[in-house]
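J.: Supplied in structure tokens, the structure appears directly below.
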Amino acid sequence: MTTENPSLVEELTIQPVPEERRRGKVRDLFPIWFGVNVMPLTLVTGVLGVTVYGLSALWCVVAILIGNLLGAVLMALHSVQGSKLGVPQMIQARAQFGMYGALLVLGAVIFVYFGFLASILILARDTIALLFPFIDGVGGLIFCAAITLVVVVVGHDLIHRANKVLLVLFGAAVVILAISLIANGSDLGIAQTDLGFNGIGFMGMISTAAIWQIAYAPYVSDYSRYLPSTTPSRPAFWFTYLGTVLGAVPVMILGALLVTVVGEGTVESLVSMLPGPFKVFVLIMLFLGAIDAAVINLYGPSLTVLTIFQTFKPNWIPQARARNAVAVVVAILATVVAGYAASNFLDSYYGFIHFLSMLLIPWSVINLVDYYVIKKGDYDPEAFVDSTSGYGKFNVPAVVAYVVTFIVELPFSVTFYVGPIAKALDGVDLTWAVGSVVSLVLYLGLVRWSGGSRPNIENNSGSLQPSAAGQA
């Protein structure tokens, strides 16, 4: 992306991007959402279909396709909001929940960021250690976190540029892996019958793949907010949708087929089939893919934490120094968490990704219903930061809908706490489906019952544009 900003480091944080600083093309969304999916964690997610859900390769592939195709719809709809509003994804929650009501959602999303960042740092460390064995243990985690931090400090433009450069290389790595797997596995397990089909496992893998995509919803507007406000919605949707689906689906399928062919689904077993130069290339690409994904999981919480702080200091204008200070703290904490979680990574990850649906689905649906159905995109981004003339302190319908939906989801929970309905269904995870329906119906009903309106902003008070005072 070209930029008119002479500074190497991104200056803006949570404030709306002025029209004169908008730049880039809508097709720039494809490389970033393709690239962040070409990583070891995506491979591990595909492995779950065989090792955890007991599916044959054929049914695992079908479930991966269905889950990704469904889940990506929600995240791509969020992507459209970025260019229209010009602000990061999570500050938009104030339009639905209010200035203080949004803290409920922001806190939940911070948990999501930390979980993914810690998981990705573990796999990035393990991947690069296959090439350089001395990069292991805590030192390896620190090494990966440091690289991630450097990219986040520079910010938005570097993230986009790096993904455009790496797009073809990421694609080549996926093709090489697919060819190698086909060449080394005479039977990829597509016709395998000893596992075959089971409804519980099939629904479980669909849920896992869908949650994978929905989990990107808190990120997407962060990378479309610099696009011109005239950016058409349909291309923004499709470049995001195709990027994330075409990135995730092949890598998940590779994971499912790999464990079917060789009996384990690790990066080491995958690259062991490759000759020397190809092995080195693929490992480097998987490592860079992991760092790429770690970057968005560090950049996102940096903006979200600033949003939380700014709630209590509404006249504060956070700038690059504040964002980067938060990024340093988050990177340190995530590295510590990764160090403790590494020993039982797969079990921790399996539980984490299902718990995600309970936190993210209600917010995502409320956000999309409010944007596309109730307000029809009619927001004043400047008012997101002003509790007196903006969207208020609390929006009761959104807060009630979120909390009630979470409570309704509990009986369907399959991890950490196994709900009674989940037990009756032999562990099928339906929280994402139940949460979607309940939050949609409940929020729409509450808004209409309360009169169907909230503040419709007509003024531009509460601006967070850079000024000489209050910057940090």
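Cβ from N, Cα, C; glycine included.
Summarising the annotation, TrEMBL assigns transmembrane segment to 29-50, 56-77, 97-124, 130-153, 165-183, 195-215, 236-261, 281-312, 324-343, 349-373, 394-418, 430-447.
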J.: With pairs 6 or more apart in sequence, are the transmembrane segment (130-153) and the transmembrane segment (394-418) linked by at least 3 Cβ pairs under 8 Å?
T.: no
J.: Which of 165-183, 195-215, 281-312, 324-343 has the most Cβ pairs closer than 8 Å to the transmembrane segment (97-124)?
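T.: Of the candidates 165-183, 195-215, 281-312, 324-343, 281-312 scores highest.
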J.: Between the transmembrane segment (324-343) and the transmembrane segment (236-261), do 3 or more CB pairs sit under 8 angstroms, pairs being 6 or more residues apart?
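T.: Since fewer than 3 Cβ pairs under 8 Å link them, the transmembrane segment (236-261) and the transmembrane segment (324-343) do not come into contact.
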J.: Is the transmembrane segment (394-418) packed against any residues at least 6 beyond its ends, judged by a Cβ distance under 8 Å, and which are they?
T.: 96-101, 104-105, 350-352, 354-355, 357-359, 361-363, 366, 370, 427-431, 434-435, 438-439, 442-443, 446-447, 450, 454
J.: When you look at the transmembrane segment (195-215) alongside the transmembrane segment (56-77), do they share 3+ Cβ pairs under 8 Å, ignoring any pair fewer than 6 residues apart in sequence?
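T.: Stretch pair touches.
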J.: Quick test of the contact rule: Cβ under 8 Å, at least six residues beyond the ends. What residues does that give for the transmembrane segment (324-343)?
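T.: 9, 113-114, 117-119, 121-122, 125, 138, 141-142, 145-146, 148-149, 152-153, 298-299, 301-302, 305-306.
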J.: Go through 29-50, 165-183, 195-215, 430-447 and flag the stretch with the largest number of C-beta pairs under 8 Å relative to the transmembrane segment (281-312).
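T.: Between the stretches 29-50, 165-183, 195-215, 430-447, 29-50 has the largest tally.
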